Amino acid sequence: MRRPMTLFKRISSPALLALALFGGAAHAALVPPQGYYQGIEKLKTGDGNFRCEAAPQPYTGPLQFRSKYEGSDKARATLNAASEKAFRKSTEDITTLEKGVSKMVGQYMRDGRPAQLDCTLTWLGTWARAGALLSTDYNHTGKSMRKWALGSMSGSWLRLKFSNSQPLAAHQAEADLIEKWLTRLAEQTVRDWSDLPLEKINNHSYWAAWSVMATAVATDRRDLFDWAVKEYKVGANQVDDQGFLPNEIKRQQRALAYHNYALPPLAMIASFAQANGVDLRAENNFALQRLGEGVLAGARDPSHFKARAGKKQDMTDLKVDSKYSWLEPWCALYHCVGDTLERKHDMQPFNSFRLGGDVTRVYDPSAESKK
């Protein structure tokens, strides 16, 4: 019996040394991009007329919602006004939570008023205690709302969690409660969006992966991080040589708009992966760069999208500056210059509640001060 033990001791010492040297790097705590460490911009005195509204009613029911494209053909590109109104009404409390948390975190990181932080924690804590949004009775629109809300909340939470001002230090019990809930939502989101056939993987899967990535970093869950990276790679490998996503081309007149909509989650995931030593920029021959360049070109001249999708493009969304919030992480990844950089500067600052709020303050804070 002793001989194997001696052999083990002899070979294990270098192995243990290697583990000590490299194992730590492999399991280092997950971190966000550098901009999330920013402290409170300028501490203000007084309440600034801030009033904490009552938290929206936690949504604990079945996640069964009507789609705004109800009755549309397989392109899912024609809005149904009646079903969209019903969708907005039934998801109103969820959207109020998303937008409210994003706004209050932004206010707090700007002004540092304790009431702003307390109100944010009250809202999130109320929903966490209720176990909101965790129903396993859902349809496609329902599971979509779950991952959108998770991305909004975890995206905002990261700004509090990693800020050099350490706003959560005095609220650890509440923070733990909220993070446990976010983790449960992320775990359910993984179940919701795993193992889909390729023809079903589109922007929804990318947004799901962003929500899981944001939560992974907020809660230091390497398994969730790995899942988000895996989903990113699937998405990147869907981008063809011309920079098109075949499953978004199916949206016909809204193909360009949906290519643009696919970019924010993909760019954020790649940015967060890079912060943790995983470089996804070159995946599928620089697919993310190709996708972004194609959308920017299409916004100027949509004829290539019209030719590929077979329909004249609906440019409504492409005229809204905030729809290009992906430019912040994308330009941080690919170092935009010239015309692209100029376009980004013209449209700043970018604020997207689904990405956790003020994206420009995170990625290009000096630009915000110029506005």
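Every residue gets a Cβ built from N, Cα and C, even glycine.
Annotation comment: Swiss-Prot describes 1-28 as signal peptide, evidence class sequence analysis.
Within 10 Å of the C-beta of Y258 (substrate binding site) we count 22 further C-beta atoms, all protein chains included. What Swiss-Prot lists as substrate binding site is S67, K68, H140, T141, Y258, and the listing cites sequence analysis.
Counted within 10 Å of its Cβ, the other Cβ atoms near H140 (substrate binding site) come to 13, all protein chains included.
According to DSSP, T141 (substrate binding site) is assigned to a helical segment. Other Cβ atoms within 10 Å of the Cβ of T141 (substrate binding site) number 19 in total over all chains. For S67 (substrate binding site), the count of additional Cβ atoms within 10 Å of its Cβ stands at 18 [all protein chains shown].
In this view, K68 (substrate binding site) is surrounded by 19 other Cβ atoms within 10 Å of its Cβ, with every protein chain counted.
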